[in-house]
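Take a look at what TrEMBL says about it:
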DISULFID  66-127  disulfide bond
DISULFID  97-107  disulfide bond
DISULFID  205-215  disulfide bond
DISULFID  314-324  disulfide bond
DOMAIN    28-128  domain 'SRCR'
DOMAIN    135-237  domain 'SRCR'
DOMAIN    245-346  domain 'SRCR'
SIGNAL    1-21  signal peptide
TRANSMEM  357-378  transmembrane segment
């Protein structure tokens, strides 16, 4: 009973711990504003409802909230209490977002705590009512290269290059059904002609999203031209279908250095932005079962070709590597400079043979046991006729023994001994 009670306690603690890290522990609502996409942010966490402290509340936080609520791009991270103060004396603190998180509870989730509001105000968010409906590339030689334009509601415009990264470009290429994103070697004057109308100033993609509408974004309020930098240009490789993949210089067919084929040439993959999510996709594409380890620092050698993939962004559920966000380097990177990544997957032969060995071992054990059991039963049965025959052959064995004993007694009697002496 004591062990069972301890097991139940441990099970409850385990489920509670999983719930805290599951990413679904926050219930969000914007209140006090003109719409469901604008207002003071209120959060229900561990049965307590309250507001969010304004300490270090910025646009990346607002972008995550807007995306989680199904609103459009974030317009503003509000810190001036314009939507009024929340009820109670507590606010949720220590939330640290990068903007790429899928939910607010994924932002610094190990430090969530309710703290006294004191002099801090309550955080608010202003989101666009409409999300990004489509993207396209303009002024380029084809639909996979050009200046980025996004459509939001009935409006369309450019995106500023202030915080644009390779992960954002990878999502655009994926959404347009083009190939991998490619680094822009230099600005193209044709594509760089400013549009004069800007909709987004920032994008916060992780690289694994299927479209920009799934990314956190910041929408400009004025539509003015980009001030710090130019407008975003994207260069995608033509879509060549599934990316050819192989594992080299490993012990078997399911471990080795990851290599991809691009433009007819095989090359390795950089270890940057490479983790178990990417390894799972490679093992799945190679039909090698589950991923076991990621091997960095050219563990399986540097290879003889070039390094093609500079960045890889997978969520781990993709069927093949070409479904992930990819960035191909614009320059030919030498394997001597860039460390190549490798993976170790389950060996399908081992996966098949191990169960067979277990079955064969169990079969042999059963056969061995049955043989010995049959031998014992047959031996027992065969001994019974022999015993019956022995009894038939010596039916009065007990009488013979008695007779022998009586004869010995007679031979050793005093009278018989005297007779023996006289005879001598």
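Cβ coordinates come from backbone N, Cα and C, glycine included.
Note that the coordinates shown come from a computational prediction; the quantities given were computed from them, not determined experimentally.
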Counting only residues 6+ away in sequence within the same chain, which have a CB under 8 Å from the CB of residue 97 (disulfide bond)?
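Listed in sequence order: 58, 60, 61, 63, 64, 104, 107, 108.
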For residue 127 (disulfide bond) and residue 215 (disulfide bond), determine the Cα separation and express it in whole Å.
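Residue 127 (disulfide bond) and residue 215 (disulfide bond) have their Cα atoms 13 Å apart.
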If one measures from the C-alpha of residue 314 (disulfide bond) to the C-alpha of residue 205 (disulfide bond), what distance in angstrom results, rounded to a whole number?
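Just about 12 Å between their Cα atoms.
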Averaged over the whole of the domain 'SRCR' (28-128), what is the pLDDT?
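Over the domain 'SRCR' (28-128), the predicted model scores a mean pLDDT of 86.
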Provide the number of Cβ atoms within 10 Å of the Cβ of residue 66 (disulfide bond), excluding the reference atom itself.
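Residue 66 (disulfide bond) is surrounded by 26 other Cβ atoms within 10 Å.
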Roughly how many angstrom lie between the C-alpha atoms of residue 205 (disulfide bond) and residue 66 (disulfide bond)?
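Residue 205 (disulfide bond) and residue 66 (disulfide bond) have their Cα atoms 14 Å apart.
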What does DSSP say about residue 107 (disulfide bond): helix, strand or coil?
coil
So of 107, 127, 205, 324, which of the disulfide-bonded residues has the fewest other Cβ atoms within 10 Å around its own Cβ?
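107, out of the disulfide-bonded residues 107, 127, 205, 324, has the fewest neighbouring Cβ atoms within 10 Å.
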When DSSP is mapped onto helix/strand/coil, what comes out for residue 66 (disulfide bond)?
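Residue 66 (disulfide bond) sits in a helix per DSSP.
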Validating a neighbour-count step here. Other CB atoms within 10 A of the CB of residue 215 (disulfide bond): how many?
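I count 24 other Cβ atoms within 10 Å of it.
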About how far apart, in whole Å, are the alpha carbons (Cα) of residue 66 (disulfide bond) and residue 324 (disulfide bond)?
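Between the Cα atoms of residue 66 (disulfide bond) and residue 324 (disulfide bond), the distance comes to 24 Å.
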Which whole-number value in Å describes the distance between the Cα atoms of residue 215 (disulfide bond) and residue 324 (disulfide bond)?
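On Cα coordinates alone, these residues lie 15 Å apart.
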